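Copied over from TrEMBL, here are the features:
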- GLU308: active site, nucleophile (ACT_SITE)
- PHE126, ALA127, ILE128, TYR131: UDP-N-acetyl-alpha-D-galactosamine binding site (BINDING)
- ASP218: Mn(2+) binding site (BINDING)
- 45-60: compositional bias 'Basic and acidic residues' (COMPBIAS)
- 41-60: region 'Disordered' (REGION)
Amino acid sequence: MLDFWGNRTKSCLCLILLFAVLLGFYSNVFSLIPRRQTEKSQSPEAHHVQGRRESLTLSEGDGHLDSCRIPEVPRLLYPKAQLLKPLRVDVLVMTPWFAPVVWDGTFDSALLDVQFRNTTIGLTVFAIKKYVVFLRLFLETAEKYFMVGHKVIYYVFTDRPADVPQIALQDGRQVVVLHVGNYRRWQDISMHRMEMISNFSRRRFLREVDYLVCLYVDMKFSDHVGVEILAPLFGTLHPGFYAADRQSFTYERRPLSRAYIPRDEGDFYYAGGFFGGSVPEVYRLTTACHQAMTADQAQGIEAVWHDESHLNRYLLSHKPSKVLSPEYLWDEQMLQRPPLLRKLRYVAVPMNHTEIRSR
């Protein structure tokens, strides 16, 4: 009797296992049929990309579409890189997550210019209230040093469009004035910058440019700033904290704020005056920062360094794919230049902060 029930049980188990195997096999086969039919039904024209910017949507993966494409480089004459002879040994040239840190001597401009030859760069700058007085020097020095030889659109956010100066521009470059409102406090202007960049990224930047560079206006270019800075997402080391330990960083330390970073966390302290990346990544960054600041406001809290605090919080969680050295943001009036800074590329303009911010 036991043998009978034992054999019967084994037979049932075998049938159940066989049925499960067959069911899995046929489910996999049938799941492939629609895909194959869809693939066959699509003509070659259906796969043709009509244009990089037209096909770009905010729901796509990380980075710009071009970040997945390797451009063809024509024949060029340039020095061979020496594997056993690093170009810089006095500074950090790569982060722990393998993002390059950009210093003078770590890149070849000629090679990069060819790789980015079909790229259009957007530059956002805010000239609200009396900050419009900095625009002429900013634009004139940008035309001399910023992305020379490449297509550039300067997006000037201002409440005083009539005061935007007319300057001579290189071929393929233009100034677009975006009329926006002003705010009573300079802190509000600073914080709403993220909101406005986010809104205009969605409304027009996605269709018009490949990368966005977001800068402060009370600065001037003093040396080459080119495509070596471009990456899906980049930040710039703050000149006051590039050599400091993380406990010294002026992060937002109150846990109630969305910008909160504990004292045992942090990679670098990034400056709010120089960041950017591909348009989708800048859209994500500015949207997240704006939403975080809105949430803070609902809790009655304002981060210690406003949008810069939220920028640092975001870049801690979303590691930048390139980090710019303090060469790209410096204040000669406040800081003594160290020997490791071979170039000063973008520097602060002396001003009376109280007077400018109060108007």
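Even glycines carry a Cβ here, placed using N, Cα and C.
For the recorded positions ALA127, ILE128, TYR131, GLU308, a Cα-Cα cutoff of 10 angstroms around ASP218 (Mn(2+) binding site) retains ALA127, TYR131. For ILE128 (UDP-N-acetyl-alpha-D-galactosamine binding site), the count of additional Cβ atoms within 10 Å of its Cβ stands at 21 [all protein chains shown]. In the structure shown, across all protein chains, GLU308 is the one of the recorded positions ASP218, GLU308 with the greatest number of other Cβ atoms within 10 Å. Long-range neighbours of ALA127 (UDP-N-acetyl-alpha-D-galactosamine binding site) (same chain, six or more residues apart, CB within less than 8 Å of its CB): PHE134, LEU135, VAL156, PHE157, THR158, ARG160, VAL164, VAL217.
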